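According to TrEMBL, the protein carries these features:
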type    : residues                                                                                      : note
BINDING : Gly24, Leu25, Asp26, Asn27, Ala28, Gly29, Lys30, Ser31, Gly73, Asn131, Lys132, Met133, Asp134 : GTP binding site
BINDING : Ser31, Thr50                                                                                  : Mg(2+) binding site
Amino acid sequence: MGLWSSFLTSLGIIKRKVNILLVGLDNAGKSTIINGLKVSAVPQTEVVPTVGFNVETFSTQHRLTFTVFDMSGQGKYRDLWEYYYPDVEAIVFVIDASDKIRACVARDELETMLQNKVLRDRKIPILFFANKMDVEGGMSPSECSGALGLEEIKDRNWTICATNGITGQGVGVGLDWLAEELKY
Ligand SMILES: Nc1nc2c(ncn2[C@@H]2O[C@H](COP(=O)(O)OP(=O)(O)OP(=O)(O)O)[C@@H](O)[C@H]2O)c(=O)[nH]1
Ligand SMILES: [Mg+2]
C-alpha cells in the first residue's frame, strides 16, 4: 500500500483491502457462511457445492474490505488451494463439527496445508470455524481442536469459534479476531 493510501486508510476514508482464503472440506459450510455476509443479503436460497472457487468481496465494520477466495472443498479441487497461499493475508478454515467421521480427512488436509513451503515461510493467521454448531451430537470447538490437532500449531496465531453458517451466529466473533490480527 502506498503512503497516500495508508494515510487515507488510517483516517478511515478508504478501507484497506485484504485477501482471505476460505478452505475446508466439501459440505463444511464455507459458501453458506460467505453468503450470509453479503450486503445484498437476500434470504438464503439453497447453496450449491462450489465448483473450483468463487470470489466474494464485502466490507466489514473494521475498516477492511475482504476479498474472499471461497474454494471448493471437493477432493478433486483441493490442489487449487495452494495457488492462493502467496497472496492472502489470512486463512479461514471451516470445519464441519457435525462430521466426526471425516475429521481425520480435515486434519490431513490441514497438515498438508501447514507443511506447504510458502505457508511455512508466511506466518499468516488462521481462523477456524467449528461450523454447524446447531447439529445435535456434533463436536464442540475444543473437540474439533483436538480432532484436528490445532494445539500443535505453534508458529502462527490461530483461534477457533463455534458458528452456525445458516444464522451467522458466531461468525462476527471470528471476524473481530481476524480484524485485530490484520491491524497494522
Ligand atoms: N445445520 C447446518 N447446516 C449448515 C450450516 N452451514 C452450512 N450448512 C449446510 O451445509 C451444506 C453445505 O454448505 P456449503 O456452504 O455448500 O458448503 P461448502 O463448504 O461451501 O462446500 P463446497 O463448496 O462443496 O466445498 C448446505 O446444505 C448448507 O445449508 C450450519 O451451520 N448448520
Ligand atoms: Mg462452497
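Along the chain as shown, the residues are counted starting at 1.
Each residue, glycine too, has its Cβ placed from N, Cα and C.
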The record names Gly24, Leu25, Asp26, Asn27, Ala28, Gly29, Lys30, Ser31, Gly73, Asn131, Lys132, Met133, Asp134 as the residues that bind GTP; what is their largest Cα to Cα distance in Å?
21
I'd like the number of other C-beta atoms within 10 A of the C-beta of Lys132 (GTP binding site), please.
23
Taking just the CA atoms, what is the gap between Thr50 (Mg(2+) binding site) and Gly73 (GTP binding site) in Å?
8
Using DSSP and collapsing to three states, where does Ser31 (Mg(2+) binding site) fall: helix, strand or coil?
helix
Which binding-site residues from the list Lys30, Ser31, Thr50, Gly73, Lys132 come close to ligand 2, meaning a Cβ under 6 Å from one of its atoms?
Lys30, Ser31, Thr50
Rounded Cα separation (Å) that holds between Gly24 (GTP binding site) and Ser31 (Mg(2+) binding site):
11
Rounded distance in angstrom between the Cα atoms of Ser31 (Mg(2+) binding site) and Asp134 (GTP binding site):
17
